[in-house]
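Lifted from TrEMBL, the feature list:
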type	residues	note
ACT_SITE	H246	active site, proton acceptor
BINDING	G20, A21, T22, G23, D24, L25, A26, R27, R54, K154	NADP(+) binding site
BINDING	H184, K188, E222, D241, K332, K337	substrate binding site
DOMAIN	17-192	domain 'Glucose-6-phosphate dehydrogenase NAD-binding'
DOMAIN	196-467	domain 'Glucose-6-phosphate dehydrogenase C-terminal'
Amino acid sequence: MPETGTTDSDLPPTIFVLYGATGDLARRMVLPAFFQLAQHGLLPPDWRLIGSGRGERSDEEFVDHVRGALEEFGPSPDDGPWDEFAPRLRFAGGGFTVEDPGTLLDVVSAAREELGEEAQLVHYLSLPPKNFLDYTRALGEHDLAEGSRVVYEKPYGASPDGFRELDEVVHSVFDEQQVFRIDHFLGKEGTQDLHVLRFANGLFEHVWSREHVAQVQIDVPEDLDVADRADFYDGTGATLDMLVTHLFQVAAEVAMEPPVSFAADDILAARESVLAAFRPLAPEDVVLGQFDGYRELDGVPDDSSTDTFVAARLYIDSGRWRGVPFLLRTGKRMAAKEQRVSLVLHRPKGPVNDVPANGNVLSLSLAGAGAVDIDVMAKRPGPDLAMAPARVSLDLSKIPGGDPLPPYVSLIHDVLTGDRSLFTTSEGLAQTWRALQPVLDDRPEVHPYEPGSWGPAQATALAGEHGWLLGQTE
Ligand code: BG6
């Protein structure tokens, strides 16, 4: 078979098994991401993608399914390289359980014959999380674990007990080094830029501590509803869906000590140790909300107390950050959609004593390709020495030679290269659950808020004199 267009020739032949291949997540995210990898020349010179599912389909039917997914959610297959992509797709039906592996073992063997025994095997569990345990056991039972890599979607355990049980089973089958747990916020271009901006620029590195930073805000308001996935959402809520996952991981990215190097093990160690310094959240430092009208959505019980909004004041007990509040906020049906990390700097000491509390802010947008914005005080041009707030912005997509990748594309590429630096670890997740535990034990009241607002008024007080930077002018 010919090689696929441009490829990453450092990568070995790879067999990528996609469990749940005909499900929603695969259609929306994984298959389009895989095709984009082909477009960017980031797949190995030779590979097979085996879709695994419960139904029976021929390879041709699966090819049609993938094409349909791309037409709906991805780059158009007609933009290429579809003709080289499609012949590498296979389907293994009949499900995959401990008792019955369906046709998967035969299809993997056939792929190994085509690619060679040394082919790298990657298992991608694009499945509802309740199936993670059974599929993991089945991978062990059917001898597919050795030497392979395995990818778990979020949520990797939806409670401390659920996390521990899953992690035990996973570690009975795989070594930690083989496991790639996705938190797609870590794969965002903007998040990845945090390290480069900070560690490659004295301008930023020198201010990165309690001495200069009054507070950090990680603010992810969403204007979206949850109507299309109310069933799932009502069993989860904002705290589990976003806070203990994405917002905590981004907070760790901001707050970590300089890793010894950018090697994956050093970054993982630095992230784990800062997560271990997260002070358990005090319930009075957490405000939960639910937007008016949420209970009327199909699939949501009339008396649901699920939080669609959470704001939290987190402290990190490291020398660098002691006493600096990390303000984390997210919610559905809010006034805007943004993803911002902001470091609010202390007012400078010196002759200018009327700098506003939020006059000096270093902020990063995590949306899309990312952007860096610096709010400064400048002289308002004119005859008088008057000050005015001004913003300096850098759109990261405009950096010459840049080729920004969506988070799933970037993370799947990291799986193929074996780079775990942007994935969560067992130890790190244990620390996030530890930090959330008091809020689970003593759940704060859920306050109503207006759709299209900035959440319940009770959240305002958390931000202190600086207020939340987003939504201040509303
Ligand atoms: C998902 C959450 O993990 O992240 C969603 O389940 C949320 O509730 C989404 O909307 C946000 O991701 P993105 O891709 O918009 O940054």
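Just so you know, glycine gets a Cβ as well, placed from its N, Cα and C.
Sequence features annotated in TrEMBL and their locations in the structure.
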residue	record	DSSP class
G20	NADP(+) binding site	coil
A26	NADP(+) binding site	helix
R54	NADP(+) binding site	coil
H184	substrate binding site	helix
E222	substrate binding site	coil
H246	active site, proton acceptor	helix
K332	substrate binding site	coil
K337	substrate binding site	coil
> With respect to ligand 1, which members of the binding-site residues T22, D24, A26, K188, D241, K337 satisfy a Cβ distance under 6 angstroms to one of its atoms?
Replying inline: D241
> So which of the binding-site residues is most packed in, judged by how many other Cβ atoms lie within 10 Å of its Cβ, out of R54, K332, K337?
Replying inline: K332
> Counting other Cβ atoms within 10 Å of each Cβ, which of the binding-site residues D24, E222, D241 scores lowest?
Replying inline: D24
> the residue listed as 'active site, proton acceptor': which of the binding-site residues G20, K188, E222, K332, K337 is the nearest Cα neighbour?
Replying inline: K188
>> Around the C-beta of K188 (substrate binding site), how many further C-beta atoms are within 10 angstroms, looking at every protein chain?
In response: 26
> Just going by other Cβ atoms within 10 Å, which of the binding-site residues A26, H184 has the emptiest spot?
Replying inline: H184
> Within 10 angstroms of the C-beta of H246 (active site, proton acceptor), what count of other C-beta atoms is obtained when all protein chains are considered?
Replying inline: 23
> Given the substrate binding site residues H184, K188, E222, D241, K332, K337 in the record, what is the largest Cα to Cα distance, rounded to whole Å?
Replying inline: 20
>> On a C-alpha basis, identify the one among H184, K188, K332, K337 that is nearest to D24 (NADP(+) binding site); the candidates are the binding-site residues.
In response: H184
>> I'm trying to understand the geometry here, so how far is the Cα atom of K337 (substrate binding site) from the Cα atom of R54 (NADP(+) binding site), in Å to the nearest whole number?
In response: 37
> Taking every residue in the domain 'Glucose-6-phosphate dehydrogenase NAD-binding' (17-192), what is their average pLDDT?
Replying inline: 96
> Could you give the Cα-Cα distance between K188 (substrate binding site) and A26 (NADP(+) binding site), in whole Å?
Replying inline: 19
> In which DSSP state, out of helix, strand and coil, do we find D241 (substrate binding site)?
Replying inline: helix
>> Spatially, which candidate from the binding-site residues G20, T22, A26 is nearest to E222 (substrate binding site), comparing Cα atoms?
In response: A26
> Do you know offhand how many angstrom separate K332 (substrate binding site) and G20 (NADP(+) binding site) by C-alpha?
Replying inline: 27
> Do any residues at least six apart in sequence from T22 (NADP(+) binding site), in the same chain, have a Cβ closer than 8 Å to its Cβ, and if so which, in order?
Replying inline: G51, G53, G55, R57, F62, H65
